[in-house]
């Protein structure tokens, strides 16, 4: 054993020492190999590392001739395949025997071998590509391969192995088909294989098709497998019928024709085949749940002469006893379902056929005529028809309470009040209700109706006013293109129904300076358009709604906290008025009155420790030294009476967290403080790479390069004069701003042109002179650039602010985030031995860095596990805070600068417009520009209000999270959002891994329920061992001796059926040893092989063949009691079998005329 292991108390071990061997199974059909080397060497495995990372070392140690990428580890002798993606500790639940060996001081053995999927693919490739003797040997070995590795069976089924067997068997002769049926029988003996056959309908169809084979051995084996399949579960009978009908529709033959041909004995007489066939039919009929399915099967058989076949075999003197029993059973089941007999022979009890009543017939006809579903009509019991009171009483309350229970709600919130009246009027009053309650309800209806009419009228009037005031603004402001296209001085373009000009004029006249603080520095050049209106409109920028930002958020709560904190410093204890709930006195200078719906956040968070952060016991017990969490503890002091905040019902987030109990003993063990390894210090990053800059580029080349992407010079001049944005794009305007001619360049070009008037100017010089000829060029370009940039600049500012506002709401309302904080706080309080009320969220960056000292798993991994245990319905957190994750990519300090730049550019655009007024400017163009700049000024002012209120809300949000005002001032929005984003991303990744691990464990538990389990261990076949026949047909290997009694025979039979044929995983044998190592047992029943069968078809049977024969024998020998007709569902009460309809449903004279009367030779 390596150091660090603990065998005494079963605690996790970090390093385990095992013995390792390899098994050369690259060729899955090579059955003569043994694990090598015979003396297994020892190897130390790290229990905390994934096994996939440790397999190369094991591979090198053993020198295994296997491909490294195809290797897997198998535990010996249990045969469990380890998951290479997980560590040993993560698979501890599935390795109880493995760790039990370690606890006893032993060294378990691991086998390095080929993965199951690789071996199965090799088997399928060999079967598909082989032919002749090689295919014959492969099919012969397939059964033994399934016997030796029980984990290979489900992998073979899941890898389309059944389809491979069917495809190979369809193109092979009967000898190959016999080998395939032997392998398929071995598969079906396992529960996993049987479930795979149940889910693969093609296998059942192929088995039914083989019933028509010319080889008796193939037919007999196929019938055996079908018998076991139908007997395994009652749900398999409909699957078998569906397969029969599918084959019949494909081949064009009648259903059940293959079984009827066996009963007709076209290929010779074989009593065993007849017994199996009739038993299969009886077992299928006995498992059918409804009468229609029963009659569909029997009618198809009767149409092919089943009655004549039954009578012929019953009339023969030498008919086998088992065959006679099954035939009589078929006849009695048919007669019992038709109601011709009242008691099943041998059933031991009387069973009356359910007679269809007249009420049931009427009800069925009514449902057929009315198009109703017959399944909803109550079926009568065995004693008589159902009472009609049930439907009447059940539909009565539904009709009364239906409209009231599911009203159709109106889309608008105002019209939702009308919903009250159907609830009042439709709700039925009780029989004992008085007349006074009726009058009271009517009075309430009248009052509510009057109030609703009043509100609807007011709403309609308000809606008309709003619709007339803002016809082109849907809850926000039009974009720059709409403002540009709708100038104020173009009244002819407006419709006479739109009073928007008057509303805008009144709004502009009502502009007044903000009483709190000016938005821009006071200057004599400031225009009135920068002043805010007294009654500000709804805060919305484009499609972003900021209307929930109230005027109370114009004041920064950090300033309020500072003033109130200063007042509280001299006092040794919180003042009594604050404890009684009275709000604190206003600070100096007095701020504007708070008008918002929520009170401001408290000046200082509550000081009382939270109950959920205290450990379970009142006094902390003495414990071992644990790893400490170096978080910054929140000092929640003060006893303010404010009990609610804008973000929740409590003053702080920590006060609203639910208590979380953690396993302190497990945490104490996992995070026990140990010698810390010296981690190498991180190397300092290299210095910044010096940037190479190119100075003094040639002006001419730069202009010529720019001209390649610009329109011709004359087009540029016309576009600049008319502000034609279709001729010059936004990129073109930016290039023109960099290519504007300077005064010095213009003078040099003019002097050169005067000196040489005959020589034309070059392209660059001509371009600069053309631009210089445009009056107010710089003003035009700046105004035009502002017009094109405004929408994008406004959205770049508004969208992050909106995301921040929504992100705070998402985080506060997120239940997963609260659970994470509560769990982490409880864990940290235990590890630190403290009673902290909370911690700064900046510690979330370090949660993934803390690791336990046992398994070296991060604290985040344990946190995910605890959260999933506490709240399995919790989310991954990352997908629920998308707004904050987007905010993590935005520099809000730069956003503030961009907002200031937008204001400055807006003022500069106004100055440019004033300077352009000196030049020639069309009146319509000037009106459009003036209208556009006025609207931009209003929107910039509104954007400034939104920015201020969102930032103040973020400060209040930090106070709600427990930050002090001093700490909140140091928090940057981008850094805060980045911390939450990175933590949420790591939490999602770790949570997915934990869920994947839990899913693998659950899959293992489900897989272990059927892993290697035989169908003889299921409830259906559990009585087979107790029904061992005490006749001379008992196998020789089962009987202990000629003088033994029934008790010994029963014990040996039970041990044979319940024992697995090959329980050892790695005890591989050569093919020459198969016959000698397996008990040779004769087949049950007649074993005389037909002369046309080849010598290789009579194969020696082993234990699995004997088990299959005993299962079939138990099915055929079952008593009539188990096959008594069951009470089936009836969709039509008067349906009879085809035989009874043809004979009993006609008149006596017509029956005699058709020659259908019963003769003496047809009596059963």
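Every residue, even glycine, has its Cβ placed from backbone N, Cα and C.
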Which one of 387, 406, 523, 1119 shows up in Swiss-Prot with the note phosphoserine?
523
Region 'Disordered' range according to Swiss-Prot, out of 439-469, 470-500, 532-562, 811-841:
470-500
For the candidates 357, 367, 1098, 1131, I need the one that Swiss-Prot annotates as phosphoserine.
367
Here are some residues: 573, 1090. Which is flagged as phosphoserine in Swiss-Prot?
573
Given 846-883, 884-921, 922-959, which one carries Swiss-Prot's coiled coil label?
884-921
Checking 316, 690, 1116 against Swiss-Prot, the one recorded as phosphothreonine is 690
What mean pLDDT score does the coiled coil (884-921) have in the model?
86
